[in-house]
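What TrEMBL records for 30-52, 64-88, 108-129, 149-169, 206-229, 249-272, 284-307 is transmembrane segment.
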Amino acid sequence: MSSSLQQYFNEQFAKCSAESILARENFMSWTAHALTLIAFPLNFLSLFCIIFKTPEKMRSMRNSMLYFQSICAFNDILFSIFMCPFIFYPYCAGFTIGLLNDLNVPVSVQFCFGAGVVTSTGLAIPIVLESQHHTLVKNYRLSDFSRKIFIGINISMAYILLFPMVLIAPDQDWGRLEMLKKLPCPAIEFFQHDIFVLAIDNTAMAAFMTVACLFAISSAVFFTSHSIFELTKKRVDISTATRKLQQKYFIKVFIQIATPVFIMIFPLIYLITAMRNNYYNQAANNLCVLIILFHGVSATTITIFTYKPYRRSVLRLISCGYYRPDDQRKLFKVSLKLEKLQI
């Protein structure tokens with residue numbers, strides 16, 4: 001801590017009121033690690049099911065589902081174990097208390113990588129919807145080359161936009177002093193850790209969030225609306241049974257994506273409101289980070305229990321092989337009756 005920060009801590013910070021337990025780093029780390037105990041086995045099960053238990057009729061969806069689930073799982077592990085960020089939002093500053101911090105990885109590198117992973121998780125949604133759209137629509141769909149470009153843009157956009165922001169970060173001691181002019185009573189961790197200040201003005205971050213959100217929302221709306229139009233249109237080359245099966249899987253994909261998006265609406269509303277009103281609440285910041293972690297758990301749970309092949313595989317694993325689907329139960333009862341008749 002510089003002498004100026006030490007002086008501010010001794011003279012001004014003592015006048016600040018006590019903090020809530022929700023605003024402390026111990027609450028963040030303990031809760032994040034507890035979520036890891038739930039998230040890790042669920043993520044492992046979902047990836048196992050997608051790779052090994054996907055039936056032939058779902059093969060066209062497997063790669064996009066695997067990408068979406070992989071990045072959700074990576075998001076959970078990164079933020080709960082390796083980073084565990086403590087962010088002084090709406091100011092672009094913070095530190096980490098995870099494993100990467102213990103390994104002395106620069107906070108600037110962690111910030112750029114972590115923000116990119118979060119953004120990539122959101123941008124993975126259009127990739128899943130485009131994959132579903134590609135299997136449903138014969139005309140007006142992306143070519144194989146265009147699909148590769150679209151996927152590449154979704155994966156790389158976050159890092160392309162974030163990297164220049166890290167390069168123009170201000171002098172850190174000056175940045176922390178400037179922050180204190182706007183934020184006179186931060187959490188005490190502000191003075192106890194090596195804070196990385198990305199920018200004093202959040203205009204650049206607001207622009208980044210706007211561009212990423214607009215791209216993701218516009219892509220998702222287009223592929224969803226066009227897929228719905230295609231599913232409601234009558235085609236002579238597709239049977240009624242096939243059309244119903246397509247509609248069924250489209251609804252499941254939509255539920256798989258909509259559930260974590262719905263959970264993310266609440267922190268997103270807070271983040272936008274806090275940025276517009278320059279409002280700081282460390283307890284709310286910590287809860288938002290934890291909700292972002294929980295959104296990965298929700299996506300994993302929905303993936304497992306929405307699709308019947310995955311659900312059956314997991315239930316059979318949990319029950320140590322005793323779980324029998326309805327059709328197998330009926331077959332088992334019929335075989336027992338036949339055995340009795342033979343006796």
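Heads up, the Cβ atoms here are built off N, Cα and C, so glycines get one too.
The stretches the transmembrane segment (64-88) and the transmembrane segment (206-229) are not in mutual contact, being linked by fewer than three Cβ pairs under 8 Å (pairs 6 or more apart in sequence). Looking at 30-52, 206-229, 249-272, 284-307, the range that has the most CB pairs within less than 8 A of the transmembrane segment (149-169) turns out to be 206-229.
If you look at the transmembrane segment (30-52), the same-chain residues 6 or more away from its ends with a CB under 8 A from one of its CBs are 62, 65-66, 69-70, 72-73, 76-77, 79-81, 84, 289-290, 293-294, 296-297, 300-301, 303-304, 307, 309-310, 313-314, 317.
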